[in-house]
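**Student:** What follows is a structure written as structure tokens; I'll ask about it next.
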Amino acid sequence: MAPIALKILLFTSLIVPSISLSDQARNGHARTICEVKPGGSSEIDDVPAIVDALTTCGSGGRVIFSNNTYHINSVMNTTWLDDVEIDLQGTLLWSTNISYWLNHSLPVGYQNQSTAWILGGKDIVFEGHGYGTFNGSGQTWYRYVGSTSNYPRRPNQLTVSGAMGAVFKGLRFVQSQMWTMSIIHTSNSWFDSIYVNNLYDDGGSAQNTDGANTIYSKNITLTNWEVVNGDDSISTKANSTDITIANCTFTSGLGIAIGSIGQYNGAFETVERLKISNITYEKTTHAVYFKTWTGDQVGYPPNGGGGGLGYASDIVATNLKTNNLKGAPFTISQCTTFSGASGNCTNSKFQIRDLVFTDISGTTDSSDVASFQCSAVAPCEDITIENVSLRIAGNTTHAEEYLCGNVDGTVGFNCTGDVCVGSSATGGC
């Protein structure tokens with residue numbers, strides 16, 4: 001193993017990055033600064049140097065990645081951070097050793113998902129200046145997994161776990177291995193000016209390349225994101241509360257997802273107080289869509305499950321701009337079940353209620369504004385849709401259809417027909 005390269009610097013030698021960083025730690029002492037020196041070769045794993053820097057300067061200090069490439073050849077678990085500033089000026093490049101990652105990826109703690117890096121702690125500032133980059137070498141993964149959904153042990157790129165008062169800003173994520181970012185057991189944190197591009201160079205959809213997933217988290221703000229991918233742009237999953245998504249542009253993916261949820265038999269989960277505003281959609285499938293598992297447990301996560309309890313409520317989306325949406329902007333499906341099985345779309349005990357969608361305009365490929373495939377056991381309640389101006393791309397007609405199944409209480413629209421009941425997780429057939 002190459003020797004660990006770690007350089008201790010005085011604060012006065014550092015050019016202060018673009019966000020407001022302090023030369024003093026929370027305790028009033030001057031910050032210790034660690035600059036990670038790259039090994040300079042893909043054969044040299046830079047993880048030992050990174051972990052050493054975060055150990056030395058991870059409490060009241062600053063860790064600097066210079067404008068170089070750092071080779072990430074092994075997993076990282078750095079959850080002890082406290083009042084630390086991480087300054088990424090270069091690129092973190094993950095290796096393409098699929099066998100290693102499948103055998104060593106770390107558990108996320110939800111849906112049997114795995115990850116390459118778990119990062120957590122208190123008062124973390126992670127600054128990328130708009131060019132600091134995570135490169136997951138995703139093309140190798142997209143070819144390897146093919147059409148297999150949730151390939152076992154395929155890692156998320158970054159998991160923010162147990163963080164409080166964190167700020168992640170100006171980071172670029174390209175070619176993520178799977179989900180770009182999972183945010184779990186985290187609170188009072190801000191993720192701003194994040195760029196994600198997970199397109200598959202060989203064509204087709206790079207599935208499971210979500211921009212971000214919130215899980216068991218509260219008071220999370222995601223602003224000024226740009227996501228180009230083949231799956232959920234951003235997803236709020238189990239026990240996500242007080243989440244704000246604003247001033248974002250989403251391209252090519254499925255749109256903002258609530259779920260999937262209701263996957264664990266008998267478990268009570270919620271998504272509450274989600275605020276979505278000022279979003280631009282470029283050729284996504286939907287604007288906002290809901291996906292819950294059926295009332296029957298078939299198999300186990302990540303590709304099986306069902307029978308979960310709970311509700312999604314107090315969800316508001318406003319000021320949405322679309323360019324050639326592929327499907328209805330607002331959909332609900334309660335049909336998710338084991339991969340390859342046909343689910344019962346009407347027996348979920350997970351309820352969806354108190355939704356407000358206002359001020360959506362642009363173009364769409366669908367004549368449907370909404371497709372709500374709700375459970376008969378726990379019908380959807382109190383849905384408002386107002387100020388819709390969606391022109392069907394290529395002509396002058398407008399989307400005016402509202403398809404409903406088991407919906408009680410509508411404001412601003414009337415249901416115009418029955419929803420197509422099918423096993424699609426995205427509310428269509």
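Note that Cβ sites are derived from N, Cα and C of the backbone, with glycine treated the same way.
Feature list, courtesy of Swiss-Prot:
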- Asp231: active site, proton donor (ACT_SITE)
- Cys374-Cys380: disulfide bond (DISULFID)
- Asn67: N-linked glycosylation site (CARBOHYD)
- Asn77: N-linked glycosylation site (CARBOHYD)
- Asn97: N-linked glycosylation site (CARBOHYD)
- Asn103: N-linked glycosylation site (CARBOHYD)
- Asn135: N-linked glycosylation site (CARBOHYD)
- Asn219: N-linked glycosylation site (CARBOHYD)
- Asn239: N-linked glycosylation site (CARBOHYD)
- Asn278: N-linked glycosylation site (CARBOHYD)
- Asn344: N-linked glycosylation site (CARBOHYD)
- Asn387: N-linked glycosylation site (CARBOHYD)
- Asn395: N-linked glycosylation site (CARBOHYD)
- Asn414: N-linked glycosylation site (CARBOHYD)
- 217-238: repeat 'PbH1 1' (REPEAT)
- 240-260: repeat 'PbH1 2' (REPEAT)
- 271-292: repeat 'PbH1 3' (REPEAT)
- 1-20: signal peptide (SIGNAL)
**Student:** Whole-number Å only: compute the distance from the Cα of Asn103 (N-linked glycosylation site) to the Cα of Asn97 (N-linked glycosylation site).
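**Tutor:** Cα to Cα, Asn103 (N-linked glycosylation site) and Asn97 (N-linked glycosylation site) are separated by 10 Å.
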**Student:** Give the number of CB atoms, excluding that of Cys380 (disulfide bond) itself, located within 10 Å of its CB.
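**Tutor:** Result for Cys380 (disulfide bond): 25 other Cβ atoms within 10 Å.
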**Student:** Take the repeat 'PbH1 1' (217-238) and count its residues per DSSP category (helix H/G/I, strand E/B, coil), listing them in that order.
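**Tutor:** Counting residues by DSSP class gives 0 helix, 15 strand, 7 coil.
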**Student:** Roughly where does the repeat 'PbH1 3' (271-292) sit in mean pLDDT, to the nearest integer?
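**Tutor:** Summarising the repeat 'PbH1 3' (271-292) by its mean pLDDT gives 98.
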**Student:** Let me make sure I understand the structure: which of the glycosylation sites listed (Asn219, Asn278, Asn387, Asn395) has the fewest other Cβ atoms within 10 A of its Cβ?
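**Tutor:** Among the glycosylation sites Asn219, Asn278, Asn387, Asn395, the lowest count of other Cβ atoms within 10 Å belongs to Asn395.
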**Student:** The residue listed as 'active site, proton donor': which of the glycosylation sites Asn67, Asn239, Asn387 is the nearest Cα neighbour?
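**Tutor:** Closest by Cα distance to the residue listed as 'active site, proton donor' among the glycosylation sites Asn67, Asn239, Asn387: Asn239.
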**Student:** Work out, from DSSP, the number of helix, strand and coil residues along the repeat 'PbH1 2' (240-260).
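**Tutor:** Taking each residue of the repeat 'PbH1 2' (240-260) in turn, the totals are 0 helix, 18 strand, 3 coil.
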**Student:** How many of the residues that make up the repeat 'PbH1 3' (271-292) does DSSP mark as helix, as strand and as coil?
**Tutor:** 0 helix, 17 strand, 5 coil
**Student:** Does Asn135 (N-linked glycosylation site) have same-chain partners at least 6 apart in sequence with Cβ under 8 Å from its own Cβ, and which are they?
**Tutor:** Thr91, Leu92, Leu93, Trp94, Val174, Gln175
**Student:** Please give the sequence-distant neighbours of the repeat 'PbH1 2' (240-260): residues at least 6 beyond its ends with Cβ less than 8 Å from one of its Cβ atoms.
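**Tutor:** Residues 199, 209-211, 214-234, 270-293, 312, 315, 317, 329, 336, 352, 425-426 contact the repeat 'PbH1 2' (240-260) from elsewhere in the chain.
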**Student:** Just name the winner among Asn67, Asn97, Asn103 (the glycosylation sites) by count of other CB atoms within 10 A of its CB.
**Tutor:** Asn97
**Student:** Say we define neighbours as other CB atoms within 10 Å of the CB. Which of the glycosylation sites Asn77, Asn239, Asn344 has the fewest?
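**Tutor:** Least crowded of the glycosylation sites Asn77, Asn239, Asn344, by Cβ count within 10 Å, is Asn77.
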**Student:** Indicate whether Asn239 (N-linked glycosylation site) is helix, strand or coil by DSSP.
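**Tutor:** In the DSSP reduction, Asn239 (N-linked glycosylation site) maps to coil.
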**Student:** Which of these recorded positions is closest to Asn395 (N-linked glycosylation site) if you go by CA atoms: Asn67, Asn344, Cys374, Asn387?
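**Tutor:** That would be Asn387, nearest by Cα distance.
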**Student:** Could you round the CA separation between Asn239 (N-linked glycosylation site) and Asn97 (N-linked glycosylation site) to a whole angstrom and send it over?
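**Tutor:** Distance between the two Cα atoms comes out at 34 Å.
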